[in-house]
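J.: The following block contains the structure, expressed as structure tokens.
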Amino acid sequence: MTKEQQLAERIIAAVGGMDNIDSVMNCMTRVRIKVLDENKVDDQELRHIDGVMGVIHDERIQVVVGPGTVNKVANHMAELSGVKLGDPIPHNHNDSEKMDYKSYAADKAKANKEAHKAKQKNGKLNKVLKSIANIFIPLIPAFIGAGLIGGIAAVLSNLMVAGYISGAWITQLITVFNVIKDGMLAYLAIFTGINAAKEFGATPGLGGVIGGTTLLTGIAGKNILMNVFTGEPLQPGQGGIIGVIFAVWILSIVEKRLHKIVPNAIDIIVTPTIALLIVGLLTIFIFMPLAGFVSDSLVSVVNGIISIGGVFSGFIIGASFLPLVMLGLHHIFTPIHIEMINQSGATYLLPIAAMAGAGQVGAALALWVRCKRNTTLRNTLKGALPVGFLGIGEPLIYGVTLPLGRPFLTACIGGGIGGAVIGGIGHIGAKAIGPSGVSLLPLISDNMYLGYIAGLLAAYAGGFVCTYLFGTTKAMRQTDLLGD
């Protein structure tokens, strides 16, 4: 049995066994477990499992185990459950000798009541933010892979222009790399539509069609569609993914209503046809123009804040981004990044936000130096620091800085310092969405590599100095504990 399989089975035991698990899924660093009864979860045992870097309680229990490991752990849990990742795990409650129906009903009612309270507590805004995260989390590997391949193509192009490399095969290679990159970015509206449909309860294929509708495929020359509000021609992709998400949300409402009123015998034919006609027309003539206005305004505001605020805006964004990652709300920026790239050719927000992770790396390096006697902490840092340099910060957040408290705050200050440098230099953007840290370098636009490196070094230094001077306690330096 591999260590990942052992970790998966220990996690299952700590959350109350397979009988207490409703479904399992994962993102880049977290195993996301939906349990039937929170009271059966042993939180302390879960947190102290070797390999678990942190635990977040939300609608799902999110167990941070780190990149790479998370896929193996989640897949093994799915194998043990007998279903695919994300699918509900069946539980046999038909045995009357083993089943106390009265207790089961009471427990179910209690669970539903707690879930309802949790939803009320979370509020509509948090629900919206989580929906956006659920739409884009499955796309993160594609963003990273396609973005880095596009970045490599850009670097090769720059080297050709500078005369360092040449040859027809290099040109062909660059073309192939760009085709692979565009396989993701050119059809992002379709991918977004499919995932949005899954999130809102619509048919995924119909969501993909609505996303594809915004691309205005086949519209060219005199055969154009007009913006009913401005009289100008509609542009392919106008309204961006913000328009797609809203349109698919409307699609989910229309489709559900149609399922209720259309007879079963013709439901499979009538419902998708009418749903696509209604929402397709609304998307082209209403949602695309309005969402286009919203997207343009949003990008203008963000660019204005970064441009006018400079050092100050950079510090605020860099310092506040780690708490957003901690809360899982950083995915709200994904639509903004994409719209900035579509309109400006680069997102000037991402390099500033990336400084948060660099500040945390600096803080972790200071802990490595200051806490030489704390072997538990240093062992955790051995696994979390390398991926931190590459822009994956959750293992450091949940495994190191957040449990210790002070280093989390000093890491935020380090991120703010790096963000201030990026904001002060200005015009440092990323051509695509990808990981932060050193891994973002190939994606930096307009050859502003040195400016980005300066920001990274400033964040490393700021996080290191602040943590070295103010981020540790005597207990951290002298004991073998990771936190209270």
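Heads up, the Cβ atoms here are built off N, Cα and C, so glycines get one too.
As annotated by Swiss-Prot, active site, phosphocysteine intermediate applies to CYS27, with the evidence given as sequence analysis. Among the features that Swiss-Prot reports, domain 'PTS EIIB type-1' is placed at 5-87. Taken from Swiss-Prot, the feature domain 'PTS EIIC type-1' applies to 130-484. The transmembrane segment annotation in Swiss-Prot covers 135-155, 160-180, 200-220, 234-254, 274-294, 305-325, 349-369, 384-404, 408-428, 450-470.
Quick one: how deep are these features, and who are their neighbours?
T.: When secondary structure is read from DSSP and collapsed to three states, CYS27 (active site, phosphocysteine intermediate) falls in the coil class.
If one looks beyond the transmembrane segment (135-155) by at least 6 residues along the same chain, the residues whose Cβ comes under 8 Å of a Cβ in the stretch are 27-28, 174, 177-178, 180-181, 183-185, 188, 191-192, 195-196, 199, 245, 331, 334-335, 431-435, 439, 441-443.
Below 8 angstroms of C-beta separation, residues 146, 149-150, 152-153 of the same chain, each at least six residues beyond the ends of the transmembrane segment (160-180), sit close to that stretch.
Cβ atoms under 8 Å from those of the transmembrane segment (200-220) belong to residues 131, 187, 189-194, 234-239, 243-244, 247-249, 251-252, 255-256, 272, 275-276, 279-280, 283-284, 288 of the same chain, restricted to positions at least 6 beyond its ends.
Beyond its flanks by at least six residues, the transmembrane segment (234-254) meets 132, 135, 188-189, 192-193, 196-197, 200-202, 206-207, 210-211, 214-217, 219, 224-227, 274-275, 278-279, 282-284, 287-292, 294-295, 298, 335, 338-339, 342 of its own chain at Cβ-Cβ distances under 8 Å.
Non-local neighbours of the transmembrane segment (450-470) in the same chain are 318, 351-352, 355-356, 358-367, 369-370, 406-407, 410-411, 413-422, 425, 428, 437-438, 440-441, 444; each lies 6+ residues outside the stretch with a CB under 8 Å from one of its CB atoms.
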J.: Looking at 274-294, 305-325, 349-369, which one has the highest count of Cβ pairs under 8 angstroms to the transmembrane segment (408-428)?
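T.: Answer is 305-325, with the largest number of Cβ pairs below 8 Å.
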J.: Can you tell me which parts of the same chain pack against the transmembrane segment (274-294), counting only residues 6+ beyond its ends and a CB-CB cutoff under 8 A?
T.: 206, 209-210, 213-214, 225, 227-230, 234-235, 238-240, 242-243, 246-247, 250-251, 254-255, 258
J.: Could you tell me the mean pLDDT the prediction assigns to the domain 'PTS EIIC type-1' (130-484)?
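T.: Averaged over the domain 'PTS EIIC type-1' (130-484), the predicted model reaches a pLDDT of 89.
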J.: Could you give me the DSSP helix, strand and coil counts for the domain 'PTS EIIB type-1' (5-87)?
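T.: Going by DSSP assignments, the domain 'PTS EIIB type-1' (5-87) contains 34 helix, 20 strand, 29 coil.
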